[in-house]
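Read through the structure below, which is laid out as C-alpha cells, and then see the notes.
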C-alpha cells in the first residue's frame, strides 16, 4: 500500500500541470518580494494579490509547452534578471525601468558603481524561489511527463490572459482610477497595484501611432500657444552675437546653492556668481525629466519639448526632425559644439547631438581619468577647444562627477569630511557638488584668462533631481519643491522680474532664445520666456504633482498640464519633419 502511494505521489509531481502550478507559486513569491522592495505606498486590496497570481501564471506558462532544460533554465535566468533590474533601477531613479531602456546596453558602461550600490543582500530573496524550483526540476527531470495536450495548455493561457484583461473591461470607476491613468501619474505605485503584465500593456499601448484626434488637438494647442508666449523685444538685447556656454551639471539641485552646513558653504563660487552684477538666478526650476533622465534634460533645454510619456526620446525619437537652440543660432552664424565625459553611445548622444543641430560632439572627455576627476578633464580639454573655436559659438558642457553612487567623497580637502551626517550619502553628495563648484570656478577663470568671458552668456543649471532636500532634512515625504534645480545666467543681457517665481525646465529653451535675440525663430518651445512680461508661476512634475504660487487660474494649470500631452504627441508623430504649419512665424 505504501509503495502504491509513493508511486502515485511520484506520478503527481512529474505531471506537467503540477510543474506549472509549482513554478507559478515560486514566481508569485518572487514577484511579491520584488513589490515589497519597491517601497512606495499603494492601495492594498485583494485584487492586487489576484493580479500577482495572474502574472505568475502567465510567466510560468512556458513549462506547459516545453520541458527542455536548455530552454526552461535560461528562461528563468533571464526572468529573474529582469526582476532584479526593476528593483535596481528603482533604487537609482525611483521609477520603473521602461521597456525601451533595455535596448540601450551602452548606458551600462561607466555605471558599475551605481549598479553595485543598488544591489542589496535581500535581493537574493527574489531569486531564491526560482532557484529552489530549478533544483527540483533538475531532480525530477528524467521522470517528467513529456506530453500534455496542446489544447489544454492553450486554454489555460487564454483563460489567464482573459483574467489579466479584467481591469480594462467596461466599469464604473472614474477616469483617474483607471490603470492607464494611474500608471502615467503614480508609476511605481500602479506597478505594485496592477503588476508586470499591466505595466507592459501600458508601455506598449503608449507606443501606438498618433490618432487623427490627437493630431488635431496638437495643432489647435500650438496655434493657441503662439498667442500665449510673450518674449521681451529682441530690440532691447544690446548684443545679439554673444557666445552661449551652457554647463549642465549632473544631479545639481537648488537647495545646495547658498546653504551652509554648520557654517560650511557648499557652493561658494556659485554663491558669488548669484550675487554678481549681470547675473539672473532662478532657484525654483522644477525638474521635468522622465524616463530618459539626463538625456531628457538635454531634450528639454535644446528643443523646448517635454519628454515622452513613456520611454526615452534619445532612443525612440532619434530619427526625428527637431527645431532646436543650435539650429536657431546657426541661422545667426553660430557654431555649436557639445562636450561630454562619456561615450557618444551613452544615452545615444552621438545621434541626438546631430538631431539637435550640433556641429560637433566631443565625447570621452574623461579619457583615462578616474570618475571623480572626469569633470576636471572635460573642463580643461573643453577650454582648449573653445579658445580656438570661431565665434560666436554655442558650447554645451555636460558634467559627470556628481553622478551617484554617493558612497565615497570625490575630494579629500573639504571640511565637510569632519562633519557628522545621519545619512552618509547626503554627505558625499554635498562633497560632490562642492567639487563641481570648484571646477566650474577654475573653468570660468580660464574663460576670463582667454578673453572669452566678457563676450559670453554663461548658463549653469542642473539636469535633474537626485538627492532631494527631504533626504537632507531626514524627511520621508517627498514634495515637488524638494526637486528644484537652479538656473544661473551670468552676463545676462536682460533682467527678469520673475526670479522668485516657479518655472519649469521647459521654460529654459524659450528664455535662451529670447536673450540671444532669436525671437523670430520658428519654434519657441512649449514653455515661456522668463524675460517676458508675464509668467505662469506654476510647473508640473513628471508624476502630475504641481507646484506654484497661490491663486493660479485654472486656465494656467490646464495649459501647463497640456504641455506634457502635446510634447508627447509631437514627438511620437515626428511632426516637425512634415508639418510646417507648426513652424510658422508669429
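Numbers run from 1 along the shown chain.
Just so you know, glycine gets a Cβ as well, placed from its N, Cα and C.
TrEMBL names 463, 464 as Mn(2+) ligands; from the candidate set 216, 224, 250, 265, the record adds 250 to that same site. Of the two recorded stretches, the transmembrane segment (124-141) lies close to the transmembrane segment (12-34), with three or more CB pairs under 8 Å once pairs fewer than 6 apart in sequence are set aside. Put simply, of 46-65, 72-90, 148-169, the stretch with the most CB pairs closer than 8 A to the transmembrane segment (12-34) is 46-65. Each residue in 248, 249, 251, 252, 289, 293, 294, 297, 403, 462, 466, 485 lies on the same chain as 250, 463, 464 and has a C-beta within 8 Å of the C-beta centroid of that Mn(2+) site, without being one of the site residues.
The binding-site residues examined here are 403, 464; by Cβ neighbour count within 10 Å, the least packed of them is 403. Annotated pair residue 403 (substrate binding site) and residue 250 (Mn(2+) binding site), C-alpha to C-alpha distance, rounded: 6 Å.
For the binding-site residues 250, 463, counting C-beta atoms within 10 A of each C-beta gives the highest total at 463.
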